[in-house]
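What TrEMBL lists as ATP binding site is G465, T466, T467, G468, S469, G470, K471, S472. The annotation compositional bias 'Basic and acidic residues' is assigned in TrEMBL to 706-715. Per TrEMBL, domain 'FtsK' is recorded for 447-639. The feature region 'Disordered' is assigned by TrEMBL to 193-236, 318-337, 706-727. The transmembrane segment feature in TrEMBL is assigned to 6-29, 36-54, 108-134.
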Amino acid sequence: MQDILWGLFGVSAILLAPVVIYVAVMLAMDKSKSAVVVKVIQGAALILLVSPLFEIIHGFSTGSEAFAGEGLGSAITTLYKNGAELRQGGGALSIFLGGALSALLGDVGALIVIILLIVLFVMLLTNITFVDLWKGIARLAGKLKESVESNDEEKAARQIAKEEEAKKAAAIAAKEEAKPKKWVDVAKYITDQPDMPEHPADNAASEVLGKPEKKKRKGRMTPADFIADEQSSEQALSYEAQEDKGAEEAVKAAQDKPDGVAEPYFAPASNADVSADDNLISGSETVNPIYVGKDGQTTLIEMDEASPSDFVPPPIELLNPPQQMVSDDDTRNETDRNSETLVETLRSFGVATRIVGIHRGPSVTRYELQPAAGVKVSKITSLVDDIALNLAANGVRIEAPIPGKAAVGIELANKLRETVCIREVIDSNEFRSAGGKLCFPVGKDVEGKIIIGDISKMPHILIAGTTGSGKSVFTNSIIMSVLYNASPDEVKLILIDPKQVEFPVYNGIPHLLIPVVTEAKKAAGALGWAVTEMLKRYKLFADNGVRDLKDYNKAAAKSDVLTPLPQILIIVDELADLMMAAPKEVEDSICRLAQLARAAGMHLVIATQSPRVDIVTGLIKANIPSRVALKVSNQVDSRVILDEGGADKLLGNGDLLYKPVGLGKPIRVQGSYVATEEIKRVVDYLKAQTSSQYDEEVATEIEKHIPVPKGEKQAEQSQESSSDNMTERAIEAVVEAGQASTSYLQRRLKLGYARAARIMDELEEMGIVGPADGAKPREVKMTKAQLLERRAYMGSSGKDGLEE
């Protein structure tokens, strides 16, 4: 059998085995019958082309004429014997194609034509085009180039690192030399250098003794202070004794000097601390140099005081660094396998397409397909369930067409998903160059690009997603970006958390205007206060002739009378609870804020896990155009939040559709992830840097705006008639304490906040306490003597009433 095959096909008989294996593999992969038949025909044609190729080459090598013989039968016999016995040449079948081409074009021409036909059939058999071949070569060359460049970059990085270390060492040395000198041993300087120049400007540098620094844990702290330990107090005490001795020696040496040339003595002021890192001086006085003259008179030279920074953002090291969990080989194998299966699946349904692009994101990969001429896009979109079945994929989403591209995008979930850490986004150039104080990291899209949002331009956001979709993590990432990007004087937060588990961790940070609101009715009061604050700001803008908060703050920076106003960001974690507690008041407040609050610098971030029409009403949707949809349970909820389907096909765990105002179609993004440990570290840093100062006046106003049902109003009116006794007890408590606050009345009289606040308002109306002064306690205007007189008067009044 082997001799027969070699006699018929010659050397090309060795290709029979690969062709048979290829056909068997295709049958095992459940390929269609027509596809297998076509590949078998192409393989047979390739063998028949290779046979005359070997015969012509054999003729060139032996110097004999190819296909030589007295006749056709004699030539076939000769070719068969050469193949069967000598294992050379192209076999008997090579004469039909090779002999004809050789007779027409000659051996050289036949060789060229046969080679071109072989290349053509190889391309058909492997489905590889010249473009694909060129891309493969270019990809290989690119990898080689990248490897060479990476080596060069590593060398350059090491060189740059060495240079930076040298620069840092030089900068530290220069910084040490430029530090304010504490005192100068003038006597030693004169003894060591007797030939002194007559002009003070020509004096050489003196030997300076350094002072061990102290670091305070009070007030505002730098990142270094947050991590570093305090130095020993014993060194500071030894320094104080040393500096007093140095001052006496300096005065004595200057008096004994014949030419009266004075050397500077740097006298440290009391209660002042100098930071070793950045020379920030805290305390009531600064360090000023004192020049000592020959008569012992001292002259104080004023120095500019270095004021500490008002707010130091948390260091990026408090966040977890990103980690690559998926290798490049695994992703390449997955995308190659899915792309081939995708094209074959569509071909089996009669839809001819070809892959024109593959973009892998953290959670999904988008395969861009270009349909053949005459193929309708609707035919591809109707096969979404069949594609999911053949690929065994979860949540196939088709984007047809892709905006700006002549292609259809099919998004498939990655089997190996990657996490987008918030540090990776906050520490990116995109976030740094955004500029706005309310910019926040959305995440990474399907192409791996970082997406940054700006709430001040939206100007409000509506977020929806089921339990476990990543809704609370997304709102936490917004809060964290504000903490990193804005100081407490620039942005204030009002956090509303009816679930009482997400936002209480932020209690105590300086950015909070009031403590985290956890009661549904109090949250409705907070929204009512926000409406009142918005109207106050607009009246203030009108009085000063400005249009918005930005122009007002510019005018306040140039004025001594106006005070800059911060932006206010109100974040609601669950809208459904508020709508059940006070639907009318909540909806009215949200609609008014959404319509008017942008210019006043007030913005809303509203999240809900129930995007129903009775929760996200038509008025709320009409006034909040920017939407973020995470995974929802059905297509109806997706249409409520996005006005289109697609959110029900998401994967959960941060996979979202981002649709800001002005964008026609939503962008699929993998949201940034922030862990609870990261939040706690940042919150602890902010608490250590600055103590929180809640606005008591705002809290009181919020209590006044709490909606009260009609039945409760009547009950409260009946209770107010019997509250005189509690008012008297409150008067006695504040007079004895010497100060008054709502929280003090709550503790002393064991009252709720609402009743304590009303009693405090009564005391203010009676003139017993002064008005509210921010977070400070109120002033008590009644003395103890006046209290005794009031008791005596109230007692006599009671007796007269009894006698009558």
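The backbone N, Cα and C atoms fix where each Cβ goes, and this holds for glycine too.
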Suppose we draw a 10 Å sphere around the Cβ of T467 (ATP binding site). How many other Cβ atoms does it contain, all chains included?
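So the number of other Cβ atoms within 10 Å of T467 (ATP binding site) is 10.
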Which of G468, G470 has the fewest nearby Cβ atoms, counting only those within 10 Å, among these binding-site residues?
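Counting other Cβ atoms within 10 Å of each of the binding-site residues G468, G470 gives the minimum at G468.
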Provide the three-state secondary structure of G465 (ATP binding site) computed with DSSP.
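In three-state terms, G465 (ATP binding site) counts as coil.
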If you count Cβ atoms within 10 Å of each one, which of the binding-site residues T466, S469, S472 comes out on top?
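The residue with the most neighbouring Cβ atoms within 10 Å is S469.
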Which residues, sitting 6 or more apart from K471 (ATP binding site) on the same chain, put a CB under 8 Å from its CB?
I463, A464, G465, A607, Q609, L630
Reported in the order helix, strand, coil, what are the DSSP residue counts of the region 'Disordered' (318-337)?
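Taking each residue of the region 'Disordered' (318-337) in turn, the totals are 11 helix, 0 strand, 9 coil.
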For G465 (ATP binding site), list the number of other Cβ atoms lying within 10 Å of its Cβ atom.
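30, counting other Cβ atoms within 10 Å of G465 (ATP binding site).
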If the ATP site is taken as the center of the Cβ atoms of G465, T466, T467, G468, S469, G470, K471, S472, which further residues of that chain fall within 8 Å of it by their Cβ?
Q609, L630, K631, G652
So, in DSSP terms, is S472 (ATP binding site) helix, strand, or coil?
helix
